[in-house]
Structure formats: C-alpha cells, structure tokens
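Scroll down for the structure; my scribbles are underneath it.
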Amino acid sequence: MELMVLLNALVTRLLFVLHSLIGVWRVTAAKKEPKYWLLALLNLLLCLETGLTLKFKQGRGYKWFSPAIFLYLICIVPSLWLLEIHHGTQYCGNEPGAVQVNVSNQDFNQSRESNHGSEGTDHHIIQTAKVFVNQLSTICETVWTLALHQTFLLLLVVGRWLLPIGVEITRDQLSQLLLMFVGTAADILEFASETLDIEDVRKNYALINAILAVWTWSMLQFPLDLAVQHIGCKASAPARRIPSLLLCRYSAELWNIGVSLFIQDGPFFIVRSILMGHFRIFNQMLVFFTAKNILVVTLQLYRLAVITLDFRATVLQKSRKGEVCCCPCEPYEARAHAAGQQGNEMKEFVAFPPKEESQAPSEDH
C-alpha cells in the first residue's frame, strides 16, 4: 500500500512537470526566443515539494491545502498568460481555430527512404520523432493554446484524484470535491474561451490582462479542500458568539458560498457586465452566461440568508429553553457520529458487567 502511495505521488507530479514543460515549449516556439526556457526553472519548486512530501509525509497530502496543485499553477499559469497575450499577433488561416497541417507525406517517405540503408532502429525512431514534432509545430497557435487550457483543467481534476489523500479527508469527501472541481473547471474554461475569443477584446491589451487576472484568481480555489471539510473548532468561552459558532458549524457551506461570490461567479459577472455596459460588446453566449452568473449569485445569497436565519433561530430556541446547545461549533453529522459511538459504548458496558460482580455468586457457594 505504501508503494502505491509513493507511486501515485511521483507519477502525478511527473505529469504536472511534463505539462508545464510543454507550455514552456509552446511559449518559446511562439515568441521565437530561447530565453523563455527559463520558465522551466519554476518546476524546481515542484521537485523540492516532492522531496519534502516524500520525506516528511510519506507521499500523503496535507490538511486543507495541496502544495503540489498550487505549485503546478505557478508553473503553468505564466506560460498560458504569455500565449494568450501573444494570441493577438497570430494568423491561423481563413477559419479561426482551424488546424493547419501543411506537412505532407513527403516527410514520412523521406524518413523511410533514409532508414532503408540504416542498420539499427534507433535512427528510424529519431527520424519519426522529428517528423512528428514538425507536424505538431504546424498546428495553429490558437489551437495549441486552447488545448493547453483544456488539458490544464482536466489534469487539475485527474491529478487531485491521483494524489494520495491525507488522514484528514475521507474518500467520500474526495469524491464530492472532485465533482465540484469538474463543474468549476467547465465554468472557468467557458469564461476564458468565451471572453478572450471576442475580437473587440483582443484589440484591448488592458482588457486581456484584466480577464487573465480574474481567470488566475479563480484558479486559486483548486489547491484548497475547504469545500468538503469542517473546521471543527472548540467551543471555548470567548468564542460563544453567533458569528463564530456559525462559521464553525457551517464552514464548508460558507466556503462554497464565498468561492462563488468572491472567486468565481461574482468576478465573472463583473467582467461580463463591464464588457456589455462599458465596451458595448454583446453576443448571445455573453448574455446567457451573464444571466447564469446573476442567477447563481442570487441563489448563493439566498442560501446564506437561509443558513444564517435557521442557525440564529436554533440558538434562540435553545437559549429560551435554558438548554446548552450540544457542541454547536461542530457539524450535525459529527455530533450524530459521536452520539452513536457513545451509545455503542454504553451498550457494551451493559452487556458485559464488571468482573467482580459476575464472580460474586460463585464465591458464596
């Protein structure tokens, strides 16, 4: 089992490094300047994190935070920024997004002819790899950028799945987190591809930077596991206030609401509203996703009001009856589980009486 944990930890981080190196390669090819290979040095941070995790955590994850995901973001996001900014100077043929493959079968025929006279297979493999790389280089740059965006978000979800979990998070919580990540990744991809593909946006350099900044801000939710884990703080005397108790009991729900309002749907709605209101940019998809953001923000605010009013009513009802709320800063599921464990212990105590009492009649005889 420990071998599988170490293998998953290494393989996942290796996938992160390979994908970030592909991004650096595309930046270097698009800019035609070798100095951009220096971006590959960011992967040293991921290598350092791998060594520390293997040494101190035996490959397992941390509580509430995934350093591997965070460092992967640091490695790949600069490359995607440069590709999106360079996007405006690209020409991709008559149709936007079309794949331009101009290499004919001549290259393959030449490689085959050159390999007829060779004795080993190494030369054949090298020539085939060169032809394959040449064909990849002929693909339109916009297609490369979109493919990197898509594989980046897919790798975030798959990588979080493959990374070994820590003791603090269960597999049930991990499955819930992955389902949330899938929906989140789809919304983020729609935001990036739908807004950055608008022609009027591409002409405004400041607007591109603002959209990429919001996109980067939305990616910061992926390294955190707070969406499925409760804080579980203790009900100390100074902390017995309604806001503190509300935060302790509904920490996961409040985190989801905060992510939607301040990290994802809220900023997305602001950007789309600026595009339509200030820059007079209108299209069918932009209007639809703006309406979707308004609906999600409204529902999240409604959910926040329901949670707050329900918790306040519960606390007031308990105080009027003179009852002490049973560990109010823990989630309901945790209290129910603890109560079930206490009941089981009491049943075992009743079923098996103390040893002295059971032996008392035998001594009288």
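Any Cβ shown, glycine's included, is placed from N, Cα and C.
Caution: TrEMBL annotation is automatic and unverified by curators.
Sequence-distant contacts of the transmembrane segment (6-24) (same chain, six or more residues past either end, CB-CB distance under 8 Å): 36-37, 39-40, 42-43, 46-47, 49-50, 53-54, 58-60, 68, 71-72, 75-76, 79-80, 83, 148, 151-152, 155, 159, 162-164. Here TrEMBL flags 6-24 (among others) as transmembrane segment.
Taken from TrEMBL, the feature transmembrane segment applies to 36-52 (among others). Away from its own ends, the transmembrane segment (36-52) comes close to residues 9-10, 13, 16-17, 20-21, 24, 27-28, 67-68, 71-72, 74-75, 78-79, 82 of its chain (Cβ-Cβ under 8 Å, at least six residues beyond either end).
Among residues of the same chain six or more beyond the transmembrane segment (64-83), those with a C-beta under 8 A of the stretch's C-beta atoms are 12-13, 16-17, 19-20, 23-24, 26-27, 30-31, 36, 39, 42-43, 45-46, 49-50, 53, 141, 144-145, 148-149, 152, 155-156, 159-160, 163, 168, 212, 216, 219-220, 222-226, 229. The transmembrane segment feature in TrEMBL is assigned to 64-83 (among others).
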